[in-house]
């Protein structure tokens, strides 16, 4: 368990990093500080309400105004019929005073009731148009926000991303745009309705009796002040809450999910869960403050409504006595203002959504309005030469610091000249500034001083888009997009004449690039050839195949400049040799700058530049530098491999060695070949698994579908600790809900007394005075219950969202690796579920739950109250309620269909945004910014187009439910007059029923207005239920299994007849009858082509997967017999691509510790760092071990990240050390030191090393050569050389020339 003090320390460090950064900037020269600030600064944007509509076209403005007009008509219609009510009450007065006969009374009431029917028709039409136009435009405008935000973010300079959390962009583009969509859709309509209703009520009241209207209006000022103050505080705390989650919580989740293999290998789930929970606690703290603000605001509005009406009725009775008003006018004023204030009060919950929308828009607008200091998307900024670049590059006296690390000088007075058409190699230690040179040439960053020119022209004066289109750029870690191979390579043609050429011409160019990059042969073996989809981040291809596709993409445009940042580092030896030949050929006539650790790849460079700490310490050709016997000679000696005595070996076909998950797709799949091992201590019995289905989730026993009951159990189960808050809040909401029916009784008695003849005015005044005190009492009750309802239920809701997010996070950390291989479970999609869908559960809890309970009580209470006062009128009025409910239910069903389609599209668009922004360097180097936005736009627009019919259906059923209210009123008055004519009802009883039914009908409408929230919550609950109830096949939570005593663990490993296929690709054999033995303390190496099964072997030892047949044994026991956590505690893994987490360097190293953190001393941490050759570097940093690593270690170089990862493995003191290309990212000097440390650390431990650099495994006890999932050779280095076979050829291909 992680110590809370350390977690709090980390949180404090992250919170103050901006302040610390500013302090470091202030210590620099003002000019340098300004250059660095310009790359980082984002100005705070104050977003007004009207800026929510900043992306409206003239048509959008017209439709929005039209929609708001219909919303206003809809809102004003309800108070309008109070004029009819007043006329009817005067008719009642005349009837009770015998001025009207029965038939005449009936005829007059029937005539007046028809006006309610007309008003209902008007409300139905206006409600339909309002709902359809607002929801449709809301979806359109939110889509535009999504597109503009992605467009703005993807064009920002790279320093902007150095401060950005890994999951922040995807969270913003899903969560925040969804908040904007809610704010400008039906919630805005509800606000306009409320305002229009109140204004109409006020106008009618003043026109009827201005003195009484003035008294009622006195509450408006108080309400406005209350709402304004409440909204201000809500916005403040909501902004804090959203910012905390997006910047910290989403980043923790995204990093954990993206690096899930590292996370589970080191058992880091508890640490990350604590880290995540701390962020969620801070989110709850700010959300609670926002909820309290809402509670106070609503309580004041409720109470003021009752108190003002007590005064109004008292004053109204006085006006009647004085003869300045009749009962009809008094009823008009009271009823109009009652309905108007009711609508005004209902604005408050909707204001919360407006505040959230404004808060979200202000955050998005910061990025949208930010003008990047380096803009690669602009086509008109800077000089655009009319011809291609020649390729002469020169850097003079360049000084450089990274904006996020201003206290570290990276380049100091650096100068380099690269003649056109020449090849220059940059070598040196990690962190010496090699990759920085590439970043400056690509204009990812700005130099502080000095000159950088291309063909004599300052690159800062050139158009950045044009500049990048002159460069072919291949990074150390190949980045492919989840599209076809053809599309991935075609992105290299952006900006060329061929980009929009005939497809045949374009395809020929792409195919030639594939051939030049040695990729065409393996592409032809794929089932769909060049149209094969490479999968998320290219996971369906091996590392070498991905790199060759990336190289083809870089050279397809025939650029004049090639920047190769470790371009062949991911290739196996055989592939590297052939691809290097292709690159050497491609470099002819081009300016090529190569950053290299493998010195065998740059022997033929025209100039080799040796760098150290940002300076050139040596330069010359390979032979010249060898003869000087300086730093370069030492690097060469460190990489030299003992060569085979004879090179007379048959040349092997590279494709025979290079196997990827897709290479065997043409092979017919026989389900009988796939079997699952029954868990026995010995033997290899197999059982037949069910046939693989596309929708199944690999590695997971899929749960049953969720139902209303399961959703309820889910919510209650995760919220049961807050049952006290829920109980108190529910009781308060029930009491609050009955306040309106109680007011119907009070109003009925009051208005009944007001139709009394003048001779009984004394009785009227007495009744009014008593009822006034009841109003005051009910107002006090509503104040307390409204605050308690919002405060208690919102707190429970905030805790529920926290619990769901934490439970989801822990469950995701529990899932086995096969789960994450599934196409639907990308890091972007899962981060979206954590951010958005967990939040949507509020639709079944919190303020929404309180409003629903309150509305139900008001509806039922209105019926229960009305019927006893006059069952004849009450039953008829109540009979219409089921019709309204049916309309509401149908609307919910339509919304369900709409939400299902929208969720699928927005999850996909969220994953797309996450993919593009996480590969921003690749996107910008390819000048894909506009192309990315176009593709994203198509995805978003497809949802908007497909959802319009569903939106129209939803609007129709909503309109029907709204139009029913005046029709119910017409029915009540028609039937009521009939009953009164018969002498079976009094005015007081009739008015009580009327008021109870009116408020009840409105309550039913309120229930339906929450249908979108309830529907979204239901969909979210279904997805959450799917994950939370899934049980992984390899369960890290299981406490079952053998736990070996520490002293008895040896570290023997054995593979017996192991067959394996990945669950998501069961037709592709990966390991076939693999037999391999590793004894305690042995150092064995696995070599071979990319995709031949080496890393899969590592994964099976870690038990990321189980074999389909055969056994993997640890100390003689099948891995499946062990307790999983206990097993992994004896194993440490260092992967090819180092994955670090946001936090300090100390925390990242401590991730490897498997025991209590309290047992770890600083000396132990430093010792692990020294062994990994990283301690001195850490101590050179101003903050030492407390230095923040940045998102995914973005503030460190590749070699530095890898050494932190090695230190993380060594502090674990494992019995088994798994090294999957552990030194591939290190320079030769560091590699030699680290390899010596690893060799020392391997003593007494079982070590399995996957290696392409054969120099690192010469001393291995046994070397296994893999091909096609089988072992084709085994032995030590010397014996394999003597065989003069597969291994000998790999050695000869990798050796450097003789000195």
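Every residue, even glycine, has its Cβ placed from backbone N, Cα and C.
What you are looking at is a predicted structure, and each value in this text was computed from that prediction instead of being measured.
Along the topological domain 'Cytoplasmic' (1-64), the predicted structure has mean pLDDT 73. The topological domain 'Cytoplasmic' feature in Swiss-Prot is assigned to 1-64 (among others).
The transmembrane segment annotation in Swiss-Prot covers 65-85 (among others), and the record cites sequence analysis as its basis.
Annotated topological domain 'Extracellular' per Swiss-Prot: 86-114 (among others), in sequence order, evidence recorded as a curator's inference. The topological domain 'Extracellular' (86-114): residue composition by secondary structure is 24 helix, 0 strand, 5 coil, according to DSSP.
The transmembrane segment annotation in Swiss-Prot covers 115-135 (among others) and is backed by sequence analysis.
According to Swiss-Prot, the topological domain 'Cytoplasmic' annotation covers 136-187 (among others), on the basis of a curator's inference.
Per Swiss-Prot, transmembrane segment is recorded for 188-208 (among others), and the stated evidence type is sequence analysis.
Taking DSSP states H, G and I as helix and E and B as strand, the topological domain 'Extracellular' (209-214) has 5 helix, 0 strand, 1 coil. Sequence annotations record features per position, and here Swiss-Prot assigns topological domain 'Extracellular' to 209-214 (among others) based on a curator's inference.
Swiss-Prot lists 215-235 (among others) with the feature transmembrane segment.
Annotation source Swiss-Prot lists topological domain 'Cytoplasmic' at 236-293 (among others), citing a curator's inference.
Distant neighbours of the transmembrane segment (294-314): 212, 215-216, 218-219, 222-223, 226-227, 229-231, 234, 333-334, 337-338, 341-342, 344-345, 348-349, 352, 736, 739, 743, 747, 750, 768-769, 771-773, 775-776, 778-780, 782-784, 786-791, 794, 847; these residues of the same chain sit at least 6 beyond its ends, with a Cβ under 8 Å from one of its Cβ atoms. Annotation comment: Swiss-Prot describes 294-314 (among others) as transmembrane segment, evidence class sequence analysis.
Annotated topological domain 'Extracellular' per Swiss-Prot: 315-326 (among others), in sequence order, evidence recorded as a curator's inference. Remark: secondary structure over the topological domain 'Extracellular' (315-326) totals 8 helix, 0 strand, 4 coil, with classes taken from DSSP.
The feature transmembrane segment is assigned by Swiss-Prot to 327-347 (among others), with sequence analysis given as support.
Positions annotated as topological domain 'Cytoplasmic' by Swiss-Prot, on the basis of a curator's inference: 348-725 (among others).
Taken from Swiss-Prot, the feature domain 'ABC transporter 1' covers 393-638.
What Swiss-Prot records for 681-690 is compositional bias 'Polar residues'.
Annotation comment: Swiss-Prot describes 681-703 as region 'Disordered'.
Most Cβ pairs under 8 A with the transmembrane segment (849-869) among the ranges 215-235, 327-347, 770-790, 955-975 are made by 770-790.
When each of 65-85, 115-135, 327-347, 726-746 is checked for Cβ pairs under 8 Å to the transmembrane segment (215-235), 327-347 comes out on top. Between the transmembrane segment (188-208) and the transmembrane segment (65-85), the number of CB pairs under 8 angstroms, six or more residues apart, is three or more, so the stretches are in contact.
Simply put, out of 65-85, 115-135, 770-790, 65-85 has the most Cβ pairs sitting under 8 Å from the transmembrane segment (327-347). Listed as Cβ neighbours of the transmembrane segment (115-135) (distance under 8 Å, sequence separation of 6 or more from its ends, same chain) are residues 63-64, 66-68, 70-71, 73-74, 77-78, 80-81, 84, 184-186, 188-189, 193, 951-952, 954-956, 958-960, 962-967, 969-970, 973. Long-range neighbours of the topological domain 'Extracellular' (86-114) within the same chain, counting only residues 6 or more positions beyond its ends whose Cβ lies under 8 Å from a Cβ of the stretch, are 208, 326-329, 331-332, 335, 751, 755, 757, 970, 973-974, 977-978, 980-981, 987, 990.
Outside the topological domain 'Extracellular' (315-326), and at least 6 residues removed from its termini, the chain residues within Cβ reach (under 8 Å) are 90, 93, 209, 211-212, 215, 333-334, 750, 753-754, 761, 764-765, 768.
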